[in-house]
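Below is one structure; the comments refer to it alone.
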Amino acid sequence: IIKGVKEDEYPKLGLEPCSIEDELNQAVQGTGLAFIAFTEAMTHFPASPFWSVMFFLMLINLGLGSMFGTIEGILTPLIDMFKVRKEFLTVGCCVLAFSIGLLFVQRSGNYFVTMFDDYAATLPLLIVVILENVAIAWFYGIDKFLEDLKDMLGFSPYRFYYYMWKYITPILLLVLLCSSFIQLTMTPPSYSAWIQEEAIEKILHFPPWGIAVCISLVVMAMMPVPVVFCLRYFNIIDDNTGGLSTVSYKKGRVIKESPRPEDDDDASLIHGKTPSEVPSPMPGKSIYRKQSGSGGTEVDTAPNGRYGIGYLMADMPDMPESDL
């Protein structure tokens with residue numbers, strides 16, 4: 001039929017124009033960039049099987065490297081708070097993450113990837129960043145924060161950061177948050193669906209259960225911040241509950257740590273000694289605070305806390321970090 005129609009009569013067929021440039025532009029985004037565009041480019045390389053294997057090994061290592069940091073960020077606060085075995089918690093988190101990941105390898109998995117990418121990271125992350133900025137700049141105090149940076153870096157940051165972190169950055173983040181809310185209001189939750197019968201993509205609205213999932217992703221990602229704030233504000237939990245110790249920093253890199261009475265020293269348990277019987281690792285020139293036991297004898301101790309997070313240092317003149 002097409003061969004029997006002249007070029008100037010093509011519009012009468014009712015066919016939509018097809019451009020190879022437009023098709024490539026649609027493919028080179030999201031998952032299509034890695035699994036369509038790059039794989040097509042690999043086939044044109046010399047020794048293409050070798051480069052294809054190397055490319056997908058790179059993708060695997062990239063995913064594993066990202067997940068190491070993500071899982072460690074989940075495990076560390078849970079272990080510090082509840083003091084559970086790291087091995088069991090790690091296996092449990094990995095099994096749970098694997099089970100949730102099975103959702104993304106279905107035939108409809110790409111739609112869930114898009115949903116999680118649009119609603120589980122963007123808006124909640126922006127809200128968390130605003131809360132962090134306001135907490136540091138206005139509640140903790142930007143002056144104290146700059147003083148902490150000076151102690152850690154060894155030099156005073158530029159005054160430019162004072163005004164940026166306290167005034168400019170919160171305003172810009174709030175403007176961005178308002179813009180995101182306006183965009184969500186003007187464009188209801190939707191996704192790009194492939195219609196197989198028509199061989200085209202259409203923008204469809206999420207069903208009611210899909211909208212509920214989107215809202216749940218946003219709420220669950222930012223709920224820990226207000227929940228923990230309310231628990232601490234109403235003294236339901238205090239700063240020392242489940243924690244190793246309360247650490248406060250003094251000017252001059254001096255750390256005071258108040259270990260809990262029930263926290264014993266793992267190193268002393270290994271050697272079969274009580275914490276008060278552990279000898280100082282630097283005999284002759286001890287920098288550790290002497291604690292008086294019940295028997296009246298004073299011995300040098302190094303109460304590191306249960307997990308060995310650092311020695312207690314008594315008040316002393318400033319020393320280079322290399323000497324410490």
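Glycine is no exception: its Cβ is also placed from the backbone N, Cα and C atoms.
Taken from TrEMBL as is:
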| type | residues | note |
| --- | --- | --- |
| REGION | 255-304 | region 'Disordered' |
| TRANSMEM | 50-76 | transmembrane segment |
| TRANSMEM | 88-107 | transmembrane segment |
| TRANSMEM | 119-142 | transmembrane segment |
| TRANSMEM | 163-186 | transmembrane segment |
| TRANSMEM | 206-231 | transmembrane segment |
What residues elsewhere in the chain lie close to the transmembrane segment (88-107), defined as a C-beta under 8 angstroms and at least 6 residues from its ends? 67, 71, 74-75, 78-79, 113
Contacting positions for the transmembrane segment (50-76) when only residues 6+ beyond its ends and CB under 8 Å are counted: 34, 38-39, 42-43, 86, 89-90, 93-94, 97
